[in-house]
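The following features are taken from TrEMBL:
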ACT_SITE  86  active site, proton acceptor
BINDING   87, 90, 92, 94, 96, 110  Ca(2+) 1 binding site
BINDING   186  substrate binding site
BINDING   216  heme b binding site
BINDING   217, 269, 272, 277  Ca(2+) 2 binding site
DISULFID  55-138  disulfide bond
DISULFID  88-93  disulfide bond
DISULFID  144-345  disulfide bond
DISULFID  223-255  disulfide bond
DOMAIN    45-349  domain 'Plant heme peroxidase family profile'
SIGNAL    1-28  signal peptide
SITE      82  site 'Transition state stabilizer'
């Protein structure tokens, strides 16, 4: 923080720390070095009126669920947005992340990967509740993948973010394989080079990277995702010099180097952690990024101008975020006999 901010602010900041399983909207895994050689994702046509005859009230049904969930469990908002990211980046937006492990099976599903185990239960619960509500009105018609896409949009809006129309027509994947996870998600210590390559492999641009990272405006991160910045940055045994000194002190109070509570989390946006706004980008300009990947977006000359632009213009951020979500939401869509419409989002039809 700048010198004009009083120490009282840091006491207020500490109040945002709480015990939870919620982690940031774009938590990462190490990208595969072969990412640049992967073929660009196939995009299929979706439509706004896909369910106009079979389930015309789909948006209203899901909205009634997400509105109640956000009121009663605000953590479900950021958790569901993050769940959508993790679904789309791994083999496309096909609800494969929702498949639960089968007792006795030796084949692991996506949810069993270590970095997916921290996905908050509130997100899965939200999708299940919404699916049940939709099935009650339109049985066997709407995919879990479409429900997740709409629910994520609804939570963005509930937190003060933009409303954007969600195109539909996805089918649910017939498989969920743990081995597909690691090469397809970023890490919290990924370099901008790695992030740009990964996003490019998904058909997304540098602007999409910066805009979608803005979901961290309501995201939270566990201490272990940024602890190295506090105590041993790049093996130096010293903190990251790019982090504001008073933010460093505040984070160290809740995240000690040894013996801390592994469930403690910190808001990625230390000023307005409950509002979906563009303050996140201003934080990066003031060295207030909690995650290394977030702060790196301002440090790198290729993404810094985009960060600055979105930090100046909330409407620009909202437009870019909406565009990025639509593009991400169309990655490797399953159509026809390549997918299914699950009755239970946690189980394949054949289960």
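Placement of Cβ uses the backbone N, Cα and C atoms for every residue, glycine included.
Curation does not apply to TrEMBL; its annotations are automatic.
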Any idea what the model's mean pLDDT is for the domain 'Plant heme peroxidase family profile' (45-349)?
95
Cα within 10 Å of residue 269 (Ca(2+) 2 binding site) - qualifying recorded positions among 55, 138, 216, 255, 345:
216
Cα separation, residue 277 (Ca(2+) 2 binding site) to residue 345 (disulfide bond) (Å, whole number):
31
Note the Cβ centroid of 217, 269, 272, 277, the recorded Ca(2+) 2 site, then list each other residue of that chain whose Cβ lies within 8 Å of it, in sequence.
218, 271, 273, 274, 275, 276, 278, 279, 280
Taking the mean position of the Cβ atoms of 87, 90, 92, 94, 96, 110 as the Ca(2+) 1 site, which residues outside that list, in the same chain, have a Cβ no more than 8 Å away, listed in sequence order?
86, 88, 89, 91, 93, 95, 97, 173, 176, 180
Integer Cα-Cα distance in angstrom, residue 87 (Ca(2+) 1 binding site) to residue 216 (heme b binding site):
17
By CA-CA distance, flag whichever of 92, 96, 186, 216 among the binding-site residues is nearest to residue 82 (site 'Transition state stabilizer').
216
